[in-house]
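Features as listed in TrEMBL:
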DISULFID  2-8  disulfide bond
DISULFID  323-352  disulfide bond
DISULFID  402-424  disulfide bond
TRANSMEM  559-580  transmembrane segment
DOMAIN    609-752  domain 'TIR'
């Protein structure tokens, strides 16, 4: 259960005894919330370097006297909320380093006959007492000279021996739960010379005829007195005010969650006769007055408020301060009336002419003010005011012009339902808070403004920097801000803090580039990087803005798409050029026609054969073909029927279809080969298709006539079968010698008949 720093957490493990094996390495041991009943001598003997020992909320009822003897370095010991029926001075005899001791919530009724703490010379904070704690005796605190904090649960304390707390020379802060009002007076007399801040809870103040500090000599030390959950009446409060005046060192009074039974019928004459009031600060929070609407106007108390500098009355149903009383707060600089029932009509009485003449700070937040124009009008009567909080009032509307105190520097208009900002906002402001108003824009010129708070509005962009050139701090948290640019950011030349957290950022490439490369941005942004999260694109939603890096495609999508389109266009253009140069369209059409032809029977039925041979030749060889070969063959006996493209092709029919039909209706195909034939584009197309149809069948339907010597390599390489036939089969060669021509014709006729 121990970590690297030797903090051992064994809390809430159901332990019934301190576990064995504790070593000198342990510095913090947490055994709280277990079921330990007894601490034995050997349990902590080896833990000599222990600094913190937490044993609260167990069932400890007994401790061996030398259980803590080896813990000379212990600084904090918590034995609270156990079952200790008594405290032994021997337990703490060797705890020379102990600074914090918590003993509250046990079962002891007193601290014994002597002091259990006499050896604790370094003790700084001490908590003790419980519901059964009833007696404090002289000598119980001997040995303690200074305490930073002393907390005593004395809710049922019934006996206090005068002078018991006097042995403590100095206490910074003492808290005591006390119901016995008579004991309160005795304790207070002992503490006025030692305690700085005394906090008393659950007290029902006594009606003291004599002074609370009677027979006490000056100088007093007490400066602050706090009452919590106390009960006052008109009579006791009057006597308390009179008694407090005797404590000349007292500067601050607080009353928190207290109850006042009465209507303000205080003995103002006695209070006035008792002399000057030295208290400068009064704080009253959540004081319950049963019939507050019947409360008197405190006439006669005017002389008691002249020296007050700070007054807070919050959450106490205040609805008005009489003008006569308000005019006597001549020294008051700070006034806090937040969370009360002030309305505009009563505000006219509360802030009347010549009232609160020295007031610098005023808090009227969380009241029932409805008119901002009237509120400004009344506050204009406070000539020295520079700090005003009127937030959380339901103004709804804001006028175009308002009159404010000439030195107003701070204005809080947050959560007031104003729909926009107008020239009603004073030009003298250095700090302005208009958060929580659903504002969609902010363009007000405030040349002196240093801090602007626009949290929880509907802004989509940062406000312009030109109207607020001296801005140092800006908050646009929880708006509809999607991003902000380098130009927007750098336009605020004096910006030191920018809170743009909790917005739905669109992590565009431009925004991310700015965030990643802007020097010093992390030092300016409040909440960076945890509070800055991408909302889109979807792939990075929820990721921190500073950790997102988009790809080139995501960042320059339009450019990449444009480049792809240009590239595709160039490829298409290239293909078109290549296709045009190499007649790809023709070959595609011819291939389609050939595929269709392949689906037909390879040879036409005998009844469909119309020709003995289809003649393929070059136009340059047409004279020989038409005048020599055709005459020789068609006038032979019996005559041969030849198919010539000039004569026998069907006009208007596609050339490929004519070729296919002619070849299929011919028993043989005659190729009149020559240099002109090989070089002719037309013959190439015709030869190409013939190659597909005829040579694919691997038969002797083709007859080659070599009109003139020609090399086989002159035939295009793609017609590999034709080249093979030229190399492997006999072809007829037209002889130049007329005597041999007769043999040529006989051989050709024989080939046509075969």
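For all residues, glycine too, the Cβ spot is worked out from N, Cα and C.
TrEMBL annotations: computationally assigned, not manually curated.
As the structure is a computational prediction, the values presented were derived from the model and not from experiment.
Annotated features, which come from TrEMBL, shown on the structure.
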residue	record	Cβ within 10 Å
2	disulfide bond	16
8	disulfide bond	21
323	disulfide bond	16
352	disulfide bond	17
402	disulfide bond	19
424	disulfide bond	20
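Between the CA atoms of residue 323 (disulfide bond) and residue 402 (disulfide bond) there is a gap of 23 Å, rounded to the nearest whole number. Comparing Cα positions, residue 402 (disulfide bond) lies closest to 352 out of the disulfide-bonded residues 2, 8, 352.
When the CA atoms are compared, no disulfide-bonded residues among the candidates 2, 8, 424 lie within 10 A of residue 352 (disulfide bond).
In this structure the C-alpha atoms belonging to residue 8 (disulfide bond) and residue 424 (disulfide bond) are separated by 61 Å. In this structure the C-alpha atoms belonging to residue 2 (disulfide bond) and residue 424 (disulfide bond) are separated by 62 Å.
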